[in-house]
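A quick write-up on the structure given underneath.
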Amino acid sequence: WGLLLMVALGLEGTAATRCPRPCVCDNLRAHVLCLNGNLTAIPDTIPQLTKKLDLRGNSFTVIPVGAFLDTPYLTHLDLQRCKVERLEEGAFRGLGRLVYLNLASNSIALLYQESLDGLSSLQQLILEGNRIEEIQPGAFGHLGSLTVLDLRANALVYLPDMVFQGLQVLRWLRLSHNALHVLGSEAFAALPALRRLSLDHNELQALPGEALARLDGATRLDLGHNPITYVAEEALAMASLKHLFLDHAALQDVAPDAFARSPQLRTLDLRENQLRGLPPLAGAEGLARVSLAGNPLLCSCLLRPFHDWLVRARVQAEGSCTAPPALRGRPLDSLRPPEMRCGRPQPPLSPTVPSEQPRVDGSGQCPRGCTCSPDFHHGSCENRDLREIPQGFPGDTRLLDLRRNIFGTVPPGAFPGLKELVSLHLQSCSIGVLQPGALRGLENLVYLYLTDNRLSTLAAAAFKGAPRLAYLDLDHNAFTHLPAGAFQLLPNLISLHLQHNAIGELVEGDLAGARGLRWLYLAGNTIGHITPAALAPTKMLEKLHLEGNRLMEVPTSALRGLSALSELKLSRNPIKRMGDSAFLPVASSLQHLYLDNMGLEQISSGAFAGLGPKIRSLYLESNKMSNIPDMSNFTGLEILNLRDVPFHCDCQLLPLRRWIDKLNLHVGATCGSPAEARGLKVKLSTTFQTCPGWGRGKARGAHPEKTKAARKPSKKKRSGKSPARGFKKSRA
């Protein structure tokens, strides 16, 4: 036992000496925290025996192959808010013990087949708040232990067949707050253990009955906040479903036997729709509760059959009458049949039933040198040194991967017979010209990837024949200006990527036709000017990324009319001074504001006018100002980064110091002056003790030194037991 103890202490001591400089290491519990440390790479001196690693708030951009091979004992890994854009294939290899992985609030756009390889024990995967537009089939194939998959708040429009293959024990799939409107009929076919599916806050226009029928064991389904207008006959065949949420949709009618093939249904939430009534719901014998609150219910004789059914079936109903005037406000359960009269014949509501799109079974051989997967409807000719776009793919192909070839030009009609195609990958193909009619016939195309090519201009006719295109990636090309008018034929365009081109300005007409655009990415260009009307067509814009350009001032006038803008990135622009009301045009909607690494020297006292409780995150790190304006009304802040700002810690900064004390956030603010305070955290500086009113702050418990001193005896007592106990912090 003595020998084992010596070995253990030796390992612990080695771990302590290897703690990376910006991190805190708790060797007793095998935890390492590297929060908000401006790290650009995974530290290579993390103790090998670490079990929990918290890397939140750093700047990794890419997680490379084998990034965690030196920490094979990890069980929990947190990479939230690390600006990750790409997971290389094999990034997590060697983490066979990991059970929890949090990648929320990053910028990941695509999940490849091997991105999550090696995570055989993973139970929870959090990918919320990225910009994932597409998941390639097989991406989750190695996650056989996963029970919770969180994909909320991404940019998904389409789910292909078998996309979740391999998730044999998954119990909760969270897909809320995406833009889903197309689901493959076999999208959920490989989820035998699923109990809960969240599809609320998407763009589904009809209940995806065929896809949902594969979920025999699911007991809860969330479909609220989708523009579904009608639930058709036997639309939902889910044998185990108990709780169905269709609230805040656009429902106008429900067929009498809509839920006849879901016999276990117990609660049905239809709040806040456009229903004037319901028919008796045949086959729903187990139903115990129906919520109709917020619907314009017409309590006339037309509602009598439904009311009688409620009484016979002993179903509790919530909701109240909107008409006729004599019954307005009356709860449904208080009505008596004689009261529900019809003065004159009233025709029942006749909703428009959305027609189902025919399913086309393709046929055909795979082109020579390519591979075709009939199960996934997936074709690939990646990196085959092809000079011309191959033809002859099966007609039911939905994903076509032609990356890393040498096409040069995409001619008219380059993709014949592929009207089922949803996703087309043409990255790194030396394409300089996309000819008019190149996408002809691709009527279901949603994703088009043209990243890393040689395009410098585009004509609107190039997109003719692809009216459903929603995601267009044109980053890393040779554009010197936006291809004006090119988006006229793309009424459904949601996301436009133009990062890392050579665009110098945005002018009126550049975005003509892009009226449905929600996300515009322009980072890494040379934009120095944005005219006031340049963004006018994009009234639905939610995200605007302008980081890494040459703007000298906040483009306030160009922001007018963007009433939905929630995220604005201006990082790494040479903006030295920020004037009054800089963000006033978007103050009512803005939630995330990035103003870091700009060399910002002065922020006027009214710069944040109009901003308040809606702001959730504010990034001001790595600037040069010595003070910031009053932000006491920013009561909804979840993230505030003030690292590497040389604050002048005098009495003028005391309100900020007190405000920071009240925040339950790690803000990283340090003093740049006076000399005696330089390098100290603002919260620990003693220069405020001479300020008027300091005693009042101290009385309220705002004096961290006193609290710190009060804890010293207990720290000494603990540290006396073992030199390795507690947190070991480097001299960062």
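Note: Cβ is positioned from N, Cα and C throughout, glycine not excepted.
Keep in mind the model is a prediction, meaning the values are calculated, not measured.
Over in TrEMBL, the protein carries these features:
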SIGNAL    1-16  signal peptide
DOMAIN    18-52  domain 'LRRNT'
DOMAIN    295-343  domain 'LRRCT'
DOMAIN    365-399  domain 'LRRNT'
DOMAIN    646-692  domain 'LRRCT'
REGION    694-732  region 'Disordered'
COMPBIAS  709-732  compositional bias 'Basic residues'
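Taking DSSP states H, G and I as helix and E and B as strand, the domain 'LRRNT' (18-52) has 0 helix, 7 strand, 28 coil. Broken down with DSSP, the domain 'LRRNT' (365-399) shows 0 helix, 7 strand, 28 coil. Mapped onto DSSP classes, the domain 'LRRCT' (295-343) shows 22 helix, 10 strand, 17 coil.
Within the domain 'LRRCT' (646-692), the DSSP-based counts of helix, strand and coil residues read 22 helix, 8 strand, 17 coil.
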